[in-house]
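Notes follow the structure.
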Amino acid sequence: MSTVHEILCKLSLEGDHSTPPSAYGSVKAYTNFDAERDALNIETAIKTKGVDEVTIVNILTNRSNEQRQDIAFAYQRRTKKELASALKSALSGHLETVILGLLKTPAQYDASELKASMKGLGTDEDSLIEIICSRTNQELQEINRVYKEMYKTDLEKDIVSDTSGDFRKLMVALAKGRRAEDGSVIDYELIDQDARDLYDAGVKXKXTDVPKWISIMTERSVCHLQKVFERYKSYSPYDMLESIKKEVKGDLENAFLNLVQCIQNKPLYFADRLYDSMKGKGTRDKVLIRIMVSRSEVDMLKIRSEFKKKYGKSLYYYIQQDTKGDYQKALLYLCGGDD
């Protein structure tokens, strides 16, 4: 008989593969889409005295990414100017960041966020970790391709020159996007072996065998690892997250924690990140914007559901409390509704 865990795993698999990503996205393709009309309306909005931001927001947050690419193409054909450049001049602040993010393809957006996280002095490890830990094989392979196209260098090369030690090894292994895909066969022997190996390499021994942790957590499929982390609890007095906190520190600890949370429940991981970006004084807008833009066509509905379940109030409510103006309007459209 199937255990509850197997059923949940199967459901999460189906959520990730069998249904088109848009099924859980808050932004859908616009039905009566007309790229020429949208391009004309955006052109008029940009030329309006003081810029008609409302029209720009209304159009671009209510079109799918593919449709936005068509609008950009139509706009360039009309005006001989790039839509992104025109909007960069017309808008400012956080709203500009959201709108320019929406104009990029998902891989271009991730590639540019990764580049920004490693540019100049110091690395924004937080952004690097979030993107590298949460993207699928397919997404990572596409990011690698686009990154090289955009920056004439390999993503791996930039990660290597910007990070060090075991943290570098973990990031490089993940960035390759070579994790095993979820299969239909469940290998209980390997699940048990991996759970024991993770325990033997960490909590059980005096020092941590980090390469062993890295190889298991970056090579095995997501569904397999969900079962491994369950099984792990029968060997270790601590669960995987507690073990990580005991065994490693700094960026490596942060990366392993993010990775395990993504594997266990990705929508919940993003719900937590969104909550953290808005709690307390001041908003971490960079994180808020990146998640709202990058997940709007992937799993925003699941994220909203996890958010409400855990924090008692809706994501929509939190965004309303924490942001204002047309920036708020854009984020609320991407959120797709109140719960």
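Yeah, the Cβs are placed from backbone N, Cα and C, and that goes for glycine too.
Just so it is clear, the model here is predicted, and its values are computed rather than measured.
Per Swiss-Prot, the feature N-acetylserine maps to S2.
DSSP assigns Y24 (phosphotyrosine) to a helical segment in the three-state reduction. Annotation source Swiss-Prot lists phosphotyrosine at Y24 (among others).
Sequence annotations record features per position, and here Swiss-Prot assigns phosphoserine to S26 (among others).
Counting only same-chain residues at least 6 apart in sequence, none has a Cβ under 8 Å from the Cβ of K49 (N6-acetyllysine). Secondary structure at K49 (N6-acetyllysine), as computed by DSSP, is coil. Swiss-Prot lists K49 (among others) with the feature N6-acetyllysine, giving similarity to another entry as the kind of evidence.
Taken from Swiss-Prot, the feature N6-acetyllysine applies to K152 (among others), supported by similarity to another entry. Long-range Cβ neighbours of K152 (N6-acetyllysine) (same chain, at least 6 residues apart, Cβ-Cβ under 8 Å): none.
For the recorded site, S184 (phosphoserine), the DSSP three-state label reads coil. Summarising the annotation, Swiss-Prot assigns phosphoserine to S184 (among others).
Residues or ranges marked as phosphotyrosine in Swiss-Prot: Y199 (among others). Around Y199 (phosphotyrosine), the C-beta neighbours below 8 angstroms that are at least 6 residues distant in the chain are Y232, Y235, S236, S243.
According to DSSP, K227 (N6-acetyllysine) is assigned to a helical segment. Annotation comment: Swiss-Prot describes K227 (among others) as N6-acetyllysine, evidence class similarity to another entry.
Taken from Swiss-Prot, the feature region 'S100A10-binding site' covers 2-24, and the record attributes it to sequence analysis.
Among the features that Swiss-Prot reports, repeat 'Annexin 1' is placed at 33-104, with the record citing sequence analysis. Mean model confidence of the repeat 'Annexin 1' (33-104) amounts to 99 (pLDDT, 0 to 100 scale).
Residues or ranges marked as repeat 'Annexin 3' by Swiss-Prot: 189-261.
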Pairwise Cα distance for S26 (phosphoserine)/K227 (N6-acetyllysine) [Å, integer]: 30
K152 (N6-acetyllysine) - helix vs strand vs coil (DSSP): coil
